Amino acid sequence: MGPRRKFTQLKPSVHSNVGGPVLKTTEQKDYINELSHEVLCHIFRYLPMKDIICMESLSRKLREAVTLFLRVVKVVDLCGGRWWEYMPSGFTDGSFLLLLKKMPDLEQLYGLHPRYLEKRRIRGHDAFSLPGVLEALQACPYLLGVETSHLELVEAIWTYMPQVHILGKFRNRNGAFPIPSENKLTISITAKIQTLHLVGVNVPEIPCVSMLRHLYLKWVRLTKPQPFEDFLCVSLRTFVMRNCAGPTNALKYVPLVTGLASARNLEQLELVRVPFLGGLIQHVVEDSWRSGGFRNLHTIVFGACKFALEVDLGYLIITAARRLHELRIQPSLTKDGVFSALKMAELEFPQFETLHLGFVDEFLLHHSELVKYGLADVIENPGIITDIGLKVVNEVFTNIKYLLIYNCPHLHNPHHWITDQSRWSRLVDITLVRCHAIKLESFSQFIELLPSLEFICLDQMFREPPKGCARVGLSAGTGIGVSSALVSNHNSSNDNAHHNQNEADIPPAPPPLNNQRHQQQNGKSCYYDVLNLVPVNQMNRSTKVIFLLIVPGKGKTPLRRTHDLVGPEGPSVNQHRPHIKESSCDKSCQVSSEQIKTDMKAATENRRRTGTDEISIETVESRRQGPAIGIVSSNGSAGTTPRTSMRPLMGSASRDGLAAAPTANVGSCGWVNVNPTHRPTRTSRRATSTGTSNPGNKDGSSQVQKGSNFMKEPEVAPSCVPASMEPRGAALNPASRQPVLQSRSASTFGPAPQQETFVPRRPLTRSCIRTSSVSLVPETDVFRSKPRTGVKKKRMADKATSTSDPVTEDDHVQVILSLKSKNLVGITLTNCGITDLILKDCPKMMFIHATRCRVLKHLHVENAPIVNRFDYAQCKKLDMEQVLDQILRMPPERNRIIYMRPMHQIDSVTLERQLFQGPYPYHIAVIHEFSNPPNMRNKVRIRSWMDTIANISQELIKYEFFPEARRTEEDVKKYPSYPWGRDIYSLEGEVDGAPYCMTTDFPWLRTLRAADPNNYSRYDFEDDESSTIYAPRRKGQLSADICMETIGEEISERRQRKRGVFQRVVVLFLHHCDTGGEPVDDDYI
């Protein structure tokens, strides 16, 4: 569009008898009234109805034109094309009737979205009521269709005007959950509607609606016992049913599935929390696929469908293979067997692009509340697909472009997903959420091998253990509250870096069962032994996730690390501890909470069967899955028949008296070999005082060492527990660190009365640990060994017994994500546990977004020349100086904007000195924004004009031979004090009542802000200098060429002063809403 010209109202008139020209004002003419009615009616076609009605009162000519226009108009939109808005307020029954009577030829009425309608007329008061609207609509004899979003109005139209169509998409606007009781709609069987979108509505049933094409049901309560009895929509193309409260009997959904099969043009099928009968879809597909049932599906979504089976999903996929575009699979169906079966079917999916594994429709309410409101009782467990299944995914879907994986804890090595048959050559976008077991090194290799990858999104990945979790044995982020010895989390983010260096100093753990010696040989994992024994196809068909080792007579026992057996006498404390064998079993084995509960139950039964004080080996085996309970192993003396009995080191703080401390041989897992002549000693971590031992000690020593010597800081973890997750009892307060050996009597070793031994039925939780009487850390002399060497970071002393108590703990080990990709455009990190991000070789990288990454500290840029957007929001430990230095040292090939939301106070003086004094070849702007909640206006507007500032400089340097500024280390030394060789100035203002401050050396900006609007100014833009830093559209400064006409004087001045300019600019935008340390909720991030 060309520039807008301003015409003068003065016209020069030259008279012969006057020596000079005289300006004569032209007569004011009413050009509008000179136009014909036909022209005016044509103009009205481009105006909203509200403006047309207003023109009726301006003049007689316009009133006549409006009357003529309304008389012939056939299509009217009361919202001016903005379907999301409400119709103009102020209508009453009388005025609305009068308006529609002026439109006798009206056929289609759009925008009938009243904000409020009375249900009935009010005597003596002309309100806007439902009967009044119906009367006005019936006054239009040729009315064909109405667009509305009012539930009661659409039901009244179906009842009293069944011939009228519902235009567009019907979306009710008062939907909510819990479903409001006043939101009711009865769908008529004669309804003429194509798109019905209901949210938070009570509907008796879904009848047969022949014209219906798109049906969206979200938070809909189906009140009839058989809501789908008459369901048949042969024209249906889209069916979405999400979180609806319907019948709980799965058989009542049979008519729904058969009705969907009759819709031959069905393209989109989304079932979320729909408890249809398992296997039903399989049988319906078998009966209908030859006649075209489900053949045209391009989107299939299964989420939280309680009884859905693999065959239901598989038959749908196979039937729709020709046109399938998108597939979202719930966690219970996210397994290897589904894709193995699809591979064996040898199908082609030529149009497939999007795959979402582990799909969960997030809900803000708790599961019990959903059930209370009538939704299906479904609890989602994590997806059980493994690396083997992901390898097959690309062999099946060779053209996949978008991959999203949610909460699949059995994925470990992404680089194993790539094979000769599975190249992922077209993958463009990958999103990983809560896949905690994926190894960082393998993920980096995987990214490097993807030829077309452009976008990476990581959410809750590579998580570091929260403060204190390592002390109480919780496996952080896995959702399984068990010891990390049983849960496989990769070393990159959860290990302590002490594990491999000092593992040789720890004695090996005896295996729980003698017949399990064969499970671990030559350091190989027992996990892979099972993999070699069980065929892959049989494992894939299993609905159980965990790989189990079945021991005859012992039930199912989760796989775990085992070592060589200890001899009958057991290793002595003073003997040299043998070298521990490296095992990868703890890294690869996965144990579910259900199996842990099963083993705990078995332990309880064994305890009841064998007595309270006698614990069998089987019980000990089960106990090792729970908390780290110390086990006492009583061995027969030399010359007697070896007899081993296992006893737990248990006790209560209420036990009175002191017990002896017999000489003990300690295994690496806290097993104590005790002389059989003594009763098992009972210890309590809750005791707060020390005492003396019974003289019954073998060597006669009677003094119990103090807690500080008896057990030093738990730097040496038992070998059966990874060093990354220390024993559960390691997080106790100092007063509890002095153990006392107790028994029933301080003077005798008689049989103790029967007592209830603590046997946990489930993994110990935070509250359970507080009240537990179990000694969670084996208290033996083995912990008085020499301090560990080669430790990079020393763990501080334990201060608490749960994750909620304050713990003094250093950060976890350095976790580095190194990216190398030819086509990678951007990466988004949310709640990730990485500490360092390295852009190794990313020539097309353009943006980095990091949000709530608690331990993210550093950025290293090796080769990423065009990255220009950096967002760091709520990254608590970010090293701002290092990150800014890395960004500003990049070659000035792009303008860059850096957005940060620090969670601590910023020294602005020091920060500005670092930026403006450094050897950075950019013009720099530092903007401090203080809006809370955060306002994005300034941040968004800056991107629109920062490039204009840089373009002006580039034009001058390239075409006007303007001097270009340089910035080297010599300049840093040359200008040691403010303003460091730059023209620095400040701008201040307010945006929506919140102040901002800008410190910068940008050239041209002050002159452009102060200039008057030119001929290109656009006043339809809402911003000006009162609401943002700089509004170029209001000034008409739309390009560098136009701006250079305004700043001519400043250009000449800088040229005379020989002050050069940089070609590129950098903006640092600091939002200070989180500086108090508490993150502020923000929809923008």
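Cβ coordinates are placed from backbone N, Cα and C, and glycine is handled just like the others.
Note on TrEMBL: of 407-426, 607-626, 787-806, the range annotated with the feature region 'Disordered' is 787-806. Segment annotation: TrEMBL labels region 'Disordered' over residues 485-521 (candidates 4-40, 485-521).
Residues of the same chain lying 6 or more positions beyond the ends of the domain 'F-box' (33-67) and with a Cβ under 8 Å from any Cβ of it are 76-78, 80-81, 88, 99, 102. Across the range of the domain 'F-box' (33-67), the DSSP-based residue counts are 25 helix, 0 strand, 10 coil.
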